[in-house]
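**Student:** In case it helps, TrEMBL gives these features for our protein:
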{"type": "BINDING", "residues": "N40, K57, E111, D112, L113, D246, P247, E248", "note": "ATP binding site"}
{"type": "BINDING", "residues": "D229, R345", "note": "substrate binding site"}
{"type": "DOMAIN", "residues": "32-273", "note": "domain 'Aminoglycoside phosphotransferase'"}
Amino acid sequence: MSAYHPLTEQEAIDIARSLSDFFPQDAQLESREIGDGNLNLVFHISDPASGKSLIMKQALPYAKVVGESWPLTLDRARIESEALITEAKLAPGLVPQVYHYDAGLALTIMEDLSDHVIMRRGLMENGRYPKFASDISDFMAATLFYTSDLGLNQQEKKRKVGQFINPELCKITEDLIFDDPYADSPNNNFEAAIADEARALQTDAQLHLEVALLRQKFLTEAQALLHGDLHTGSIFITPESTKVIDPEFAFFGPIGFDVGAVIANFLLNYAGQEHWSEADAREDYREYLLGSIVDIWEQFEQKFRKHWNDYGVDRLANSTPGYQDIYMKRLLQDTIGFAGCKMVRRIVGLSHVADIDKIPDDAKREKAQRLALGIGKSLIKLNRHAESIQELVNVVRKGHGGQ
Ligand SMILES: Nc1ncnc2c1ncn2[C@@H]1O[C@H](COP(=O)(O)OP(=O)(O)O)[C@@H](O)[C@H]1O
Ligand SMILES: CSC[C@H]1O[C@H](OP(=O)(O)O)[C@H](O)[C@@H]1O
């Protein structure tokens, strides 16, 4: 096992050469560090002559976005590679193939997906992805059902809970999503123009109660193996293909946290559509985003129920009339609540999204931020009362004057 140190581009080439048979012996390899995320190094290694390439992702011992003052476990690289391998078995074709994992270097070597685009970028360019709702619902229904007590032997599940204990990464979520945005925290990051909204978040008692209840679920409900950070920056996409990357936040948590993450990031893009000058184009794309959200939820629910009906392992859960309907309604409610939390954190918390931050016009950016916050807060307040996904759609439409 190699001793840990952050790799240089040249060292990444040397490691790539040592992988038996991947590149031709005499290949003239090129190496580029392309990491644009908050946490890790990512090297793209290619052989222009053969057209072959791979990705090396290496954890740093701190959070890159903040610096060495925020130490972070290297074990997240193990969690990520083991989660990718688990997901590949349950949802074949929907994650990059892992070629090799080096525990000493906290390094995962995997399939290069550069022929795809990061979905956040795709949505910012108003791309449409006809297979996405089907693919992401396949991914979520399979990975979440077959790692839950409904679809996995319960002794085996408890062993897997141990495998995916991920306290430091969970702590980031507990603080950045469920705590900081509702307090006067030094981690927060918002524009002066919306300081009134940020302050209001700190004193909204109804909101605090709902967030505390959602946080409690995140802390205690080991329902299934989550991806844990399923935003549109963790999804590579083309019109024909979907690949989910970056599960370093994986742990056993509440299912709605993953489904809510996807929906929240569609809604953040929805709010970010403010930058479009032509109202017709903007509203047309917003309808596409809302329609996709409904498709994602409905297909997820239908597929999750089918896995359950066909392969459920829990006698009581399988045979008790009414149990499945109550379970699915709670999943919907959790999804809506977590989606709201994930929207709020991206406007006032430490880490933002380009869909909104990159809007160049100050007034339009402020409008988008206020819209996202308004929708986020309404979803959090709706969560325990929701009966159908249509109520989420109604909240969103109402959020910008029912246009
Ligand atoms: N398998 C891959 N194929 C191609 N590019 C990748 C791959 N994995 C990551 N990347 C690139 O590296 C960037 C950061 O990767 P990510 O896993 O999101 O890192 P972080 O955990 O630091 O957020 C992605 O936005 C993408 O551009
Ligand atoms: C200090 S980490 C902030 C933020 O970054 C992670 O996202 P990513 O690794 O995809 O860039 C995660 O969402 C964390 O909450």
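Don't overthink the numbers, they just go from 1 along the chain as shown.
The backbone N, Cα and C atoms fix where each Cβ goes, and this holds for glycine too.
Help me picture these features in the structure, burial and contacts included.
**Tutor:** Long-range Cβ proximity for E111 (ATP binding site), meaning a same-chain Cβ under 8 A and a gap of 6 or more residues, is found for L54, I55, P96, Q97, V98, Y99.
All protein chains considered, the CB of D229 (substrate binding site) has 23 other CB atoms within 10 Å.
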**Student:** D112, D246, E248: which of these binding-site residues has the sparsest Cβ neighbourhood within 10 Å?
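**Tutor:** Lowest Cβ count within 10 Å among the binding-site residues (D112, D246, E248) is D112.
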**Student:** Could you tell me the C-alpha distance between E248 (ATP binding site) and R345 (substrate binding site) in angstrom, no decimals?
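**Tutor:** E248 (ATP binding site) and R345 (substrate binding site) have their Cα atoms 19 Å apart.
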**Student:** I'd like to know the mean pLDDT over the domain 'Aminoglycoside phosphotransferase' (32-273).
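**Tutor:** 97, rounded to a whole number.
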**Student:** Three states by DSSP: which one describes E248 (ATP binding site)?
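**Tutor:** In the DSSP reduction, E248 (ATP binding site) maps to coil.
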**Student:** Between D229 (substrate binding site) and K57 (ATP binding site), what C-alpha distance do you get in Å?
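**Tutor:** Cα-Cα, rounded: 17 Å.
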**Student:** Across the listed ATP-binding residues, N40, K57, E111, D112, L113, D246, P247, E248, what is the farthest Cα to Cα distance, given in whole Å?
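**Tutor:** Roughly 18 Å, rounded to the nearest whole number.
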**Student:** Would you mind checking how many other C-beta atoms are within 10 angstroms of the C-beta on K57 (ATP binding site)?
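**Tutor:** For K57 (ATP binding site), the 10 Å Cβ neighbour count is 23.
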